[in-house]
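Working notes, beginning with the structure itself.
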Amino acid sequence: MNVFENFWTIVHYFVLGLVQGITEPIPISSSGHIIIFRELFGIEARGLSFEIFVNLASLLAVLIIYRKDIVRLAVNSWNFIFKQEKESKSDFMFVVYLVLATIPVGIVGVLFGDEIGAFIGEDGTTVVGITLLITAAAIWMIRNLRGRKIEGDLSTKDAVIVGLAQAVAVTPGISRSGATLVASMLMGMKQDTALRFSFLLYIPVSLGSSILEIPNIVRDPNVQELWIPYLVAFITAFIASYFALKWFMNIMRHGNLKYFAYYCVIVGVLVLIFL
């Protein structure tokens, strides 16, 4: 590559990292937006490893923002298991429910991941347009919900329903955070509990998918050839995810989810008409 090509390659990956970083934490579907950008501008990453790298960047942002919750859950789970501290039971059960909610998406990913990818590849933008409208309708349903359940009130049923919703979100255009938030709030969770459950649930899912892709990363020649653009995308996605999640947490506190429904309707309709 010459200097000019190197520059535009870096810009290219910067844009992809920015799109991933902004759209991953908020309920508008990061995978759907990547497909839209690919169709509009011909922007597409080379190599199977890119998606894993930017997902890890978003994961790092989530880990930093929820670090206190993670430490508390880990410590109290340890105390409940090995010290039989009854006051730590609710945190231990919260971890159990996170594990339960992870199982459905793991099953769907392992059994049907390739089939879903092939189906989406045939007419990706049409699927994204339709699923963005579905996401909008789901968000609209919960715009005024104010549940009462906190972490100690959750049940196995809650975990399974949220887990099934997350499994549905493997389809591009169905937001993972949106699907899990909608399911959580329909099950009666308070907004802050639903938000915490949704993003703590992202951790095992992202880690699991990344671990499964390690062999592909090792074999992928693009990792060595494009390590600088990949690094740019990683840093960009991390910074964008961090601030996007902080912003979204503030939006949730003020109950303004309806604006994401408006956005998904507008983008979904435009995609169906023009792409």
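Every residue gets a Cβ built from N, Cα and C, even glycine.
Annotated features, as they stand in Swiss-Prot:
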- 8-28: transmembrane segment (TRANSMEM)
- 45-65: transmembrane segment (TRANSMEM)
- 92-112: transmembrane segment (TRANSMEM)
- 119-139: transmembrane segment (TRANSMEM)
- 197-217: transmembrane segment (TRANSMEM)
- 225-245: transmembrane segment (TRANSMEM)
- 255-275: transmembrane segment (TRANSMEM)
Residues of the parent chain within Cβ reach of the transmembrane segment (92-112), under 8 Å, 6 or more residues beyond its termini: 73, 76-77, 80-81, 151-152, 154-156, 158-160, 162-164, 166-167, 169-170, 180, 197, 200-201, 204-205, 208-209
Interface-richest range of 8-28, 197-217, 225-245, 255-275 toward the transmembrane segment (45-65), CB pairs under 8 Å: 225-245
Candidate ranges 8-28, 197-217, 225-245 - greatest C-beta contact count to the transmembrane segment (255-275) (under 8 angstroms): 8-28
